[in-house]
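A.B. asks: Let me begin by handing over the structure; questions about it come next.
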Amino acid sequence: MTTARYRPTWDLALDPLVSCKLCLGEFPLEQMTTITQCQCVFCTMCLKQYVELLIKEGFETAISCPDSACPKRGHLQENEIECMVATEIMQRYRKLQFEKEVLLDPSRTWCPSSTCQAVCQLKESDTVLPQLVRCSVCTLEFCSACKASWHPDQDCQENVPITSFLPGESSSFFKADDDDAPIKRCPKCKVYIERDEGCAQMMCKNCKHAFCWYCLESLDDDFLLIHYDKGPCRNKLGHSRASVIWHRTQVVGIFAGFGLLLLVASPFLLLATPFVLCCKCKCSKGDDDPLPT
């Protein structure tokens, strides 16, 4: 049986509590973590949950200070992140870092084969022009620009849908997988996306493009997810009918609330417009008056 340790009053006075900007709670200094780059202080539990969420969702590799008003706009260093998270989460963080490095490096590209996913090196002198790339792992030969099979003396076919280069399609270098292939490419920016489980409505972390995982059709304007009510993707969203109805109710409610707010505010806007215009005209007239000599 454990008992609470008695601490004298003067000891408590010398151990002040520090406020966390995330949860607004107050904790002793030993339960707080200071970000080295900006010296902002948060409770260790909140900062740990914040870092883990960003890594699990894959939002960003440069994890910034959670304080939006941070004057130095600091970032957490890799050793600080490693002290907070579990080994498997840290491995995912390093994987995301590597993927971003390859994406931003013009001299490297990913092998387009869904069964390979190796990193291929381009010739440094011709990184801008389409060139033949040969994967050192699977020996696949493809075009560095369009990722299709190498086409010497032919231009890249810009009008060919990107879906023809994706797993599950009739491409010369992709295995004929089913619609549940774990890795596909964004139809807009061609970045590789891995889907573990969950909803079929995907959003590319690179270009923020929303699309259906199965048919790759754009969902940017489909706020009500009508796409999953018909066609080959019907009932493939991955959520129950009740949750879909609740989502649509929320979306309709938001639009209805915005419309109602605009309707209520419109008379006040109409009344205020003449006064605003008069004030602006008066100010501009005052600026045009010559200065007294």
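Cβ atoms here come from the backbone N, Cα and C positions, even for glycine.
Values in this document were obtained by computation on a predicted structure and should not be read as measured data.
Copied straight from Swiss-Prot:
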BINDING   Cys20, Cys23, Cys43, Cys46  Zn(2+) 1 binding site
BINDING   Cys143, Cys146, His151, Cys156  Zn(2+) 3 binding site
BINDING   Cys212, Cys215, His227, Cys233  Zn(2+) 5 binding site
TRANSMEM  251-271  transmembrane segment
ZN_FING   20-70  zinc finger
ZN_FING   91-156  zinc finger
ZN_FING   186-215  zinc finger
A.B. asks: Tell me the Cα distance separating Cys20 (Zn(2+) 1 binding site) from Cys215 (Zn(2+) 5 binding site), rounded to the nearest angstrom.
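C.D. replies: Taking the Cα atoms only, Cys215 (Zn(2+) 5 binding site) lies 45 Å from Cys20 (Zn(2+) 1 binding site).
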A.B. asks: Would you mind sorting out which of Cys46, Cys212, His227, Cys233 (the binding-site residues) have a C-alpha within 10 A of the one on Cys143 (Zn(2+) 3 binding site)?
C.D. replies: none
A.B. asks: Within 8 Å of the Cβ centroid of the Zn(2+) 1 site residues Cys20, Cys23, Cys43, Cys46, which other residues of the same chain have their Cβ?
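C.D. replies: In sequence order, the nearby non-listed residues are Lys21, Leu22, Leu24, Gly25, Phe27, Phe42, Met45, Leu47.
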A.B. asks: Within 8 Å of the Cβ centre of Cys212, Cys215, His227, Cys233, which other residues of the chain have their Cβ, at the recorded Zn(2+) 5 site?
C.D. replies: Ala200, Trp213, Tyr214, Leu216, Glu217, Leu219, Tyr228, Gly231, Pro232, Lys236
A.B. asks: For Cys233 (Zn(2+) 5 binding site), which of the binding-site residues Cys20, Cys23, Cys43, Cys146, His151 has the nearest Cα in space?
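C.D. replies: Closest by Cα distance to Cys233 (Zn(2+) 5 binding site) among the binding-site residues Cys20, Cys23, Cys43, Cys146, His151: Cys146.
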A.B. asks: What residues, ordered by sequence, lie under 8 A Cβ-to-Cβ from Cys23 (Zn(2+) 1 binding site) and sit at least six positions away in the same chain?
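C.D. replies: Same-chain residues close to Cys23 (Zn(2+) 1 binding site) (Cβ under 8 Å, separated by 6 or more) are Cys43, Cys46.
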A.B. asks: When secondary structure is assigned with DSSP, how many helix, strand and coil residues does the zinc finger (186-215) contain?
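C.D. replies: When I sort the residues of the zinc finger (186-215) into the three classes, I find 0 helix, 9 strand, 21 coil.
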